[in-house]
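Look at TrEMBL and you will find 16-32, 39-61, 86-108, 120-148, 175-204, 216-233, 239-263, 325-345 tagged as transmembrane segment.
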Amino acid sequence: MRNTFGPGIAMKTNEFISFIIFWLISCPFLLLRPEQYRLSSIISSVIVIIAALSIFIWAVIKQGNGGPLISNPETVYGIGELKGAALGWAMMRMITSGIGGWAGGVDFSRYAAKPGDQLYGQIFIIPVCLLGTNVLGIVTTSCARGFYPDESLLWKLYDLLQAIQEHGGPGARAAVFFAAFAFFVSQLSVNVTACGVVGGIDLAVLLPRYIDIKRGAFIIAIIGICINPWKILNSANSFISVISGYAVFLGPLSGIMIADYHLLRRRRLKLSHLFIPNSSSDFWFWRGLNWRAPVAWLLGVWPSMPGFCASITPDSIHVNTTWVHVYYMSWPLGFSISAATWVLLNRLWPPPGIGDVDEKDVFGTFVPAESSGLENYTEG
């Protein structure tokens, strides 16, 4: 297909048409309820694992080793091996960007029957999956560089599949079709659940009177086109920076929530007051707003902003290396600052009801000791 887009557009005509087709296919699935995605998520996870392992094994066998990125990366990138502080800061940046992605897990663990149901998934499955996919991607790309030396580094999966199709025969084209279908189903499942449904939940919480999860999901789908995501995807530096940006904003937010529940309130909440929409609620604060929250959040976010902005637009914004390193530590730094600020503000200007619980078991959540009316009960 002839490319009718100009050089300033970060995608080709056929890629844009494919994007619109995928978007249209995704929209009907936004009408499903969140609990109805369980089976499709399991199926897509299984077939994409089979496809990824198949490509990985094929690439290693065809190359005969791990490829030039593993054996001699200096010849590929033209840079020396990272050592000392440079290696440490690179690792810190990757850890921080990874943590930002983990935070989205609560959008699904909230549907667990018991608080501990998500424990093993978070402790074992998430690290194994993240490490496994990274290893598969790096080694496969490295092998592809070995047997496709004239191609650029094939970090993007669709570029790798296209190269296999161009250099292979009929059997390779058939294999590419099945592999592409597996990744299509997986991406469809991830896009609908992790983007549409999760965004719909957030919007429904903000404006429950006007927006439900389905309406919110369609709003997110429309916004997804307006932000021109292909520009982010086609710039590796910007893509990593945007992923890392989650940590800049979510780290302080997590610090506030954890500090409030565990340090300030000692896991004791007056649950009935969470659902009282007027000034009689302990959680009403000032016209429904708690001024301490934005103050603590902003104090946790601002140290990372100079480095974050410079990382996204390195050609126009230049800052001292120290600010960049602060940005690399955005999650633990923002978490700690906001958590400490939150506790301090609430100690200096304490809101009502800290540590109080309901006198009656309104929602059937009391443990036997509480239900028996024991005084001065504290959870063990």
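Yeah, the Cβs are placed from backbone N, Cα and C, and that goes for glycine too.
Predicted automatically and left uncurated, TrEMBL annotations should be read as such.
Note: the stretches the transmembrane segment (216-233) and the transmembrane segment (175-204) are in contact (3+ CB pairs below 8 A, sequence gap of 6 or more). In this chain, the transmembrane segment (325-345) lies out of contact with the transmembrane segment (39-61); the count of Cβ pairs under 8 Å, excluding pairs fewer than 6 apart in sequence, is fewer than 3. Listed stretches 86-108, 120-148, 325-345 were compared with the transmembrane segment (175-204); the greatest number of C-beta pairs under 8 angstroms is found for 86-108.
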